[in-house]
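Encoded as structure tokens, the structure appears first; notes follow it.
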Ligand code: ATP
Ligand code: MG
């Protein structure tokens, strides 16, 4: 193994990091003393020096679920470093040595420009000659493999054990259970674990586990990644990807240009679920999660009828985001999810539930009689003076009282409001989430003074 040192860095940063460049010839470790001064071009030149035969124009890193993210600019490099620092901190908090930052060069066939920025690269002899290093390297690369592809396999085989989870803090409490931020020690990653108490027979437990199997197959950037579920005594724990921005219900009024990008993700997520013949059944702001990378993902969709039924026996009430046909107990289908999209986005745009006579105190479950106005009255309309025509039309279409008059899945994706914001600009959401989190932290700090 070669060790590569990047020498163009100053000593201003409090601590350095190790970047592991994964090449077909092996791993190259680069120690970077001042990551904040590192720029995309310098790193690219360093990569080209260790892969002179290839044209490298970009590289990738793996996120917490093993998906590859491409880096092509200084901005994307910054996002990668900030993701890596978070992971490093989590590992330290849990008493672990941080893994190096692994990057995977994306190589073409023709030779590239070499070291135009004059970056000095010192290659060192292969430390594998030294037995101690060799053992450590093997262990390190094993653990790294575990934290990506192998981990995904372990997790998706349902091998997360209760004793390997460190619970860190409570993220929230819903109508069925409590969600915790947790750390999976073996997988070295942060999880969200939803714990639901259920007094049911072992037979029913088995049925729920088999109904949840479809979650392993869900693979969409707009759907929360499911890792595993297990029963301990009379509680089921469902482990999923953690989203550091939390759910949309805790954000105040969301500006339309941000909401537009969020709507694109939600509609994409639902279209994906519908393509698998899964109805979400619980579309509402608290089941739309965001992160500081600007991703928006749906969670808590009802794939297990047994699980939904078992929870419903304990928590009685009707969900305020349900379509009129569901409130009045009629048959329903995809169009009921479309209504819930409409009412959710109306609430997020206004910063209040669109039926003022319905006071939601805790959660979204209400006595049926209180929701009768949703069945009886004309649906509310967004004020045209405050919102764009396209947005108002989108909401109005989704909230048609007659299910068949609401847009069908394809029409939803083709709505002019969705088309307008379907530009792949995750930065808008990312910046908005970061700003809101900062504001929240500042307010909390003030409250503590
Ligand atoms: P319901 O039980 O009706 O779905 P709810 O969605 O408010 O209501 P939970 O699903 O139990 O309740 O979630 C509670 C809270 O935990 C959410 O509002 C959200 O803030 C947080 N949460 C849930 N899943 C995650 C996750 N994967 N990452 C980060 N936060 C999460
Ligand atoms: Mg939820």
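Just so you know, glycine gets a Cβ as well, placed from its N, Cα and C.
Fair warning: this is a prediction, and the values are worked out from it, not measured in the lab.
Per TrEMBL, the features are as follows:
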| type | residues | note |
| --- | --- | --- |
| DOMAIN | 18-108 | domain 'PB1' |
| DOMAIN | 165-418 | domain 'Protein kinase' |
| BINDING | 194 | ATP binding site |
For residue 194 (ATP binding site): DSSP state (helix, strand, coil): strand
Taking DSSP H, G, I as helix and E, B as strand, the domain 'PB1' (18-108) contains 34 helix, 31 strand, 26 coil
All chains considered, the count of other Cβ atoms within 10 Å of the Cβ of residue 194 (ATP binding site) is 21
Restricting attention to the domain 'Protein kinase' (165-418), give the mean pLDDT. 92
